[in-house]
C-alpha cells in the first residue's frame, strides 16, 4: 500500500492544502499537518463526507423502473403480417424504515378497529337471538294459559321484550355498512401482512408474536369460520391461491418456537450398546457420536459395540442423564421365579466312565447293561456321550459314557461337570495314557471322587502295581497304599469284578448323601443334541433335580420350547422323568449347545424373552471379541504373507461331534496353512450348505450324515468335493493330507560324490583338465558340481567331461582315478575338491 501525505493528496486533487485540511476536519479526521499520512479508509471517509455535502450520497436509488418490451408478428390473410409490440412498465419504490413502521402501526390500528367492529356485530347478533328466543318463550307460555292472558296484568311483563325493538329495526343498515368496511380492511390487512412478512424475512428479523397471537385469537372465534364465504372472498382467495399464499395456510400456522436450551434426555445403558442405539437414545444422528469419538481419539463405526463405561462417558459429555442397568436383571428375575420347594429325597448317583481310547470303557458298560453298544459305534470307538440308567440289586445307577479320543476333550469336560462319581478305566496291559491323565484333571476340576477300574486283568501282560505307581504320580493314590481312591480289578470280557465295582460306586454315593426334590419343576443339563430329519431338534437331557414332564415349557440356553415328547434311552416314550434320569426331549426351536442348563419356566412369554436376550448377548459378545481380535492382530499380520486356507463346510449328526471336530480341525496347520470351518451345523447336508461351499470354494464334509437331493444336484453340476465320514480318525487324517499338499515341496540337495584334484592337464578342446581321485561317493557325468578351495565354494557349474584312461565314462566310483573337465572354468588347482550333487524335491509335512 502506497503512503500518501496530505500535501501529496492536495497536489493530486489540485486543491490547496489549507482547504483540504479544513475539509478533513469537517469529516472528523484528526489531520492537522500537511506531512501526516492519509490511509485508504480515511480517503473513503473524506470522499463520503464530500459527496454528502454536495447532496450526492452513494446509496441505492429509492425508485427503480423496469421496462419490458415484447415484439411479435401476426400473420393475416393475403400474406400480410402485423407487428405487435407490447410494453410493460414496473416501478419499485423503496420505503424508509420510518414509513414502514408508520404503515405497520396504521395497519395494526385498522385491524384492531375491524376486530372490534366484528366483535360488536357478533355481540349484537347474539343479543338479538336471545331476545327473540325470550319473546318466543313468553308467547308460548301465554298461549298455554288463556285465562290469565285475558287480564291486563301480563302487559307489563311483555314491555321489556318490546323495548329494544327500535334498536333491532335500525341494526341491519348499520351492520351491512360495518361488514363491508370490515371486509375491505380485512383484505387490505392480509396484503399488508404478506408484505410485512416478506420484509421481515429479508431483514432476518424475528416474527411479530403479537400479530400471531391476534390471528390465533381470531381463529378461536367460532362465528367467522361458520359464516359463509361471499363471492368477493372466493375470488380473492382464488387470486391469492395463484400467488402461493392461501387463507387456509395462514389459519393452520402455529406459534411453535425452537427450544432455546439443549434438551437433556434420560439414557439407559446396559453392559454393551452399539453406537447407533446410543445415538437414538440421545436423539442425535449416529454420525455425531462417531465424530465425537473421533475427537476423543477413538475411531469407531456406527455398528460397533461400546462397553458401559465408554457409553456413559459419551452420554455425560454430551449433557444427558445416564441410567446404568445390569444385563443380568432378566436372568436374576428368572432365577427368582424358579423355586425348588418340597421334601428332599435321596437320588441315584450319576456316574461318568472316562479313560483312554480302547481301554474298554464301553465294553464294561455293555456288560453292566447287558447290551452291545460298542458294536454299533463306527470303528468300535465311542464318538457320542451315551446316557442311560441301570437297575441293579443295590439300587439304580445312571451312567454317562464319554469318548476317549483326544478330539473329545470338551465332551469329557461336560461329562465330569454333570456327574457325581467318575469311574476311571485303565487297561492293565497299557497303563496310564494321555487321555487318562486328562480325565484325572477333569475329575479334580469338577471336584468329584474317583473310582479306578483296572480293566483287562485277564490278559497276560497285566500289571496292577504299575498302574498304581503311574496314577500316584498324577495324585491318585490307592486305598491299599494309604490313599482314598478305591482300585477295583475288572474284566469287561469275562465279567470279573463288576459287582465289586458297582458296590464301590454305591458306597461313594452313600458318603456323598445325594438328594433331590422330585416335586419341584425339572432342572437338568444338556448332554447331547442333534437334528433329526423326521422329528426336528432332539436333545438328550440329564435331569438333575425336580421332575420333567411332557408338556412343560422349558428354557435351554438360547433355545426354548414345549416338551412334545419324551423318550428314554431305549427309545420308548415316557410321560415324566425324575432326578438322575436321562431322557430325549422333542419340541425345542433349535439344537442347544451341549452343557447348557435346562429349566422349566412358567409361561412361554418368559421363556421367549430370556432366550432372545441370551441370543442378542451372545451375538454382541461375539462381535466385540472379533473386533478386539482385529485390533490386536492388525500390527502382527502387517507385512506377513497371507496364509493358505482350507475352507470346510462341516455337518455332523450331533452337537458334541461338531464341537469336537471344530476344535480338532482348528488346531491343525502352521504359519503357512490353516483350516477354517466357515459353516457348521447339525443335520444332513442341505442345498444351502452346497451353495455356501460353492461360493467360498470350500470342501463339504459329512460326519455320520448324508446330503439331500438338492445338495447332490449342486455338487454334481459344479464339481464340488464332498466326502462322508463315520470315524473321526479318518477326517483328521484327510485334512492333514490336504494341508500337506497345500504346503508344496522343498528342494533338497543330495551330495553324490567328492573328487580331489591331484594334477592339472591342458587340453586344446576342454581347456584345463583336473586329474582327480574320487574320495567319497560316486561322480556322475552331466551333473551340477561345486569347486571348493579350502572348503570355500569358489565356483558352481556343470561337469562337462568325465574320462577314465582316455575313455568317456558316465560314472566313476570311490577310490578310482578320473579326468574331469569343468564347463567354462579353467582355474583349477591341485588340492581343490570337486563336489558332485543333485537337487531333489521333497514333500513338506506339517
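Keep in mind that glycine also has a Cβ here, set from the backbone N, Cα and C atoms.
Some features that Swiss-Prot has for this protein:
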type: COMPBIAS; residues: 96-135; note: compositional bias 'Basic and acidic residues'
type: COMPBIAS; residues: 136-148; note: compositional bias 'Low complexity'
type: COMPBIAS; residues: 158-176; note: compositional bias 'Low complexity'
type: COMPBIAS; residues: 177-206; note: compositional bias 'Basic and acidic residues'
type: COMPBIAS; residues: 230-239; note: compositional bias 'Basic and acidic residues'
type: COMPBIAS; residues: 240-253; note: compositional bias 'Basic residues'
type: BINDING; residues: 355-362, 401-405, 455-458; note: GTP binding site
type: REGION; residues: 380-384; note: region 'G2'
type: REGION; residues: 455-458; note: region 'G4'
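The Cβ neighbour count for residue 361 (GTP binding site), using a 10 Å radius and every protein chain shown, is 30. Every protein chain considered, the tally of other Cβ atoms within 10 Å of the Cβ of residue 358 (GTP binding site) stands at 15. Residue counts for the region 'G4' (455-458) under DSSP, helix first, then strand, then coil, are 0 helix, 1 strand, 3 coil. Annotation note: residue 355 (GTP binding site) sits in a strand segment as assigned by DSSP.
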